[in-house]
Amino acid sequence: MTEVTSVRPSSIKNAAVNLPYGGGKGGIRIDPRKYSQGELERVTRRYTTEIGLIIGPEKDIPAPDVNTGPQTMAWMMDTYSMNVGRTATGVVTGKPVSLGGSLGRADATGRGVFVTGAEAMKKLGMPLEGARIAVQGFGNVGEAAARIFHQHGAKIVAIQDVTGTIHSAAGIDPGKALAHLRQTGKITGLEGSEEMQKDDFWSVDCDVLIPAALEKQITLQNADKIRARLVVEGANGPTIPAADDLLAQKGVTVVPDVLANAGGVSVSYFEWVQDFSSFFWTEDEINERLDRIMREAFQSLWDVKEQHGVTLRTAVYIVACTRVLEARACAGCIRKSTREKGRFLDGAALFVGCWGAFRTFDRKRHPPPLFARPSPIKVKGQRQNRSFCQML
Ligand SMILES: NC(=O)c1ccc[n+]([C@@H]2O[C@H](COP(=O)([O-])OP(=O)(O)OC[C@H]3O[C@@H](n4cnc5c(N)ncnc54)[C@H](O)[C@@H]3O)[C@@H](O)[C@H]2O)c1
């Protein structure tokens, strides 16, 4: 059992959609395909006991991610509850509905990908009806995103998962693809689609590309081949920074992961709130609230993007860090001078302020390491400094 080493900017994601959560990640590094259900259950229960001291409904609340799902969260909740001697539904989210889970959680991340993608399409003047979508990853996020886009008239022209890649210019029905995957264990061989080479996925003729599998998928090797006008990042960190710059140069709009896939954590938050009050909302109420959160978050980022001439990725960090700064300033956690600097949205002051807030460093006495220092900030239409995003 090894702790997962990578920590993601989940705080930024939560701040971007205004949720009162922080961020962090942990897990077990195993390939679940090689284990039986019984073994997975024992591993999960042991892991939950090991981390039992640091999690809790008012401390840290795990939620599912790659290769985990409602069953895993049910085992976690049950184990934690046994250990503390009471039913603690709020200790994890993404549980089955029968154990205090929320309606709408299963589709929430994919739904958020759809809502933010559709909002971006509106801004770019791209019609949803008939839009050609390519999806990498056909799991919790990718399948739901593909299905919801399909339900709204878009055409899924390519799907790639760990078992292969399929393409159909006429469009793939995600429902049939899922049934085929369940029946045969692979995505390839679906009637009406042809199999493609793995690397050819990136050059598929499409309008929207949704990487919804793993991190670091869009690289300098394939970014140049991408023909989509819009990339909606369903996965966490699917685009390496250099490829992100290349996409920006090519005029491709990227809806960044911390916004695009925030639907999952939003409904996790709803689940936690419902568990506390033991009062459960209908699926329509959940979806309506989720859609509103995602649409409003998208609009506020778009406004900042337009106002400062930055990419949506930089905009999301500006918005989220300003919120975090604001909260930390109110709590008295940052010095006044830093706090005032943090109020400026238009340049180095923000970056200095954010550095101060996150690291509580006195920049003069303890300058940040060279790699993390922002290079001169350039405005409108020029390449944006990325060191800020990378240092978080
Ligand atoms: N599940 C959530 O609520 C949620 C929320 C936010 C972000 N995410 C992120 O979304 C991404 C997908 O998560 P998920 O929950 O859908 O996981 P999942 O395990 O349900 O699905 C992962 C999918 O990726 C495919 N895949 C794996 N390796 C691949 C490869 N090398 N090439 C192509 N496809 C490959 C798998 O076949 C599967 O279809 C991850 O980056 C995750 O961190 C998930």
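Any Cβ shown, glycine's included, is placed from N, Cα and C.
Unlike curated entries, TrEMBL annotations are predicted automatically.
DSSP assigns Lys13 (substrate binding site) to a helical segment in the three-state reduction. Taken from TrEMBL, the feature substrate binding site covers Lys13, Ser268.
DSSP assigns Lys25 (active site, proton donor) to coil, not to a helix or a strand. Among the features that TrEMBL reports, active site, proton donor is placed at Lys25.
When secondary structure is read from DSSP and collapsed to three states, Asp65 (site 'Important for catalysis') falls in the coil class. Around Asp65 (site 'Important for catalysis'), the same-chain residues six or more apart in sequence whose CB sits under 8 Å from its CB are Lys25, Gly27, listed in sequence order. Residues annotated as site 'Important for catalysis' in TrEMBL: Asp65.
As annotated by TrEMBL, NAD(+) binding site applies to Thr109, Asn140. Counting only same-chain residues at least 6 apart in sequence, those with a Cβ under 8 Å from the Cβ of Asn140 (NAD(+) binding site) are Pro64, Gly69, Ala106, Thr109, Gly110.
Spatially close to Ser268 (substrate binding site) yet at least six residues away along the chain are Ile61, Ala63, Thr93, Gly94, Ser102, Arg105, Ala108, judged by Cβ distances under 8 angstroms. Under 6 Å, Cβ to nearest atom of ligand 1: this is the test, and of the recorded positions Lys13, Asp65, Ser268 it is passed by Asp65. Remark: of the recorded positions Lys13, Lys25, the most isolated position is Lys25 (fewest other Cβ atoms within 10 Å of its Cβ). A helical conformation is recorded for Thr109 (NAD(+) binding site) in the three-state DSSP classification.
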